[in-house]
Amino acid sequence: MPASACCRSCRCWAPAWRSACSPVRWRPQPACASRWNEAVDRVASSWNSPPAPSRRARWLALASARRFDPVAGRLVPLFFAGALACALAALYVGFAVAPADAQQGEVYRIIFIHVPAAWLSMFIYLVMAGYGALALVLHTRLSALMVTALAPTGALFTAIALATGSLWGQPTWGTWWVWDARLTSELLLLFLYLGLLALDGAIEEPRRAERACALLAVVGAVNVPVIWFSVQWWNTLHQGASVSLTAAPSMALAMLAGMLLMALACWLYAIGASLVRLRCLLRERGVLGEAA
């Protein structure tokens, strides 16, 4: 009997019989029938089993307080360890490797703390405003609590920026404080942070307090562009940006490296401290019990 021509790759089908006046009829061989049954079983099992969660679904699952809390607890030590390592490296580069400035001498070294703190003070408020918008639009409890959790860290970096700026201004400008546009708007940012914390403590009902804080964070975000562009919009005493994304850095490479390392250290610390504060808020307000 000639070989079947219907499946030349595996030749798993063979003609049952052939005659001159009748078409060819086929029957499956046992091996092919077994593979066919296995394929049918796989398709049927895929229909009955639930679909595997996508990557987006796994990320969205972290919006649940019960899923987020243990993940945050594991990440906090890593953020703090990274912040400590970067801070030590930044202090070494900034105070031992970077050369003295040609005009300001050794006084300029305060920028290794002042500039990263000022960056973080504005960046944290923008992140707060983003979480506040999510809380107001999507009504997510975790986003609302994140606004309150970020506020103490943002206030800390704003206070550091103002204090170190005064320490730099006294030998440079001859005064501890001037009502410059950038300094005044940065002081207003500190008042916004402190006002948000006071508002959260003044309202007894937690959900109302969280919603009010989210609204204040969104409204107060208009102050951040004022801080950033104040040296361009007005004739201010404060110098321009130390680092620009559109121009080559005007400082030595060691100075830039020390500043960026300290900025990374502040960023890692801000994340770790905010996660610690958020986990405390989840327990203080019974959110984990509600999620259960």
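Every residue number used here counts from 1 along the chain in the order it is shown.
Positions of Cβ are set from backbone N, Cα and C atoms, glycine also.
Noted in TrEMBL for the protein shown:
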- 75-238: domain 'Cytochrome c assembly protein' (DOMAIN)
- 75-97: transmembrane segment (TRANSMEM)
- 117-138: transmembrane segment (TRANSMEM)
- 145-169: transmembrane segment (TRANSMEM)
- 181-200: transmembrane segment (TRANSMEM)
- 212-231: transmembrane segment (TRANSMEM)
- 251-276: transmembrane segment (TRANSMEM)
Chain residues outside the transmembrane segment (212-231) and at least six past its termini with a C-beta under 8 angstroms from it: 122, 125-126, 128-129, 131-133, 135-136, 143-144, 147-148, 151, 181-182, 185-186, 188-189, 192, 195-196, 199-200, 203, 238-241
Intrachain neighbours beyond the transmembrane segment (251-276), with Cβ under 8 angstroms and 6 or more residues off its ends: 72, 75-76, 79-80, 82-87, 89-91, 93-94, 97-99, 111-113, 115-117, 119-120, 123-124, 146, 149-150, 152-154, 157, 242-243
Residues of the parent chain within Cβ reach of the transmembrane segment (145-169), under 8 Å, 6 or more residues beyond its termini: 107-108, 110-111, 113-114, 117-118, 120-121, 124-125, 127-128, 131-132, 135, 175-178, 183, 186-187, 189-190, 193-194, 196-197, 200, 209-210, 213-214, 217, 266, 269-270, 273-275, 277-278, 281-282, 285, 287
Integer mean pLDDT for the domain 'Cytochrome c assembly protein' (75-238): 89
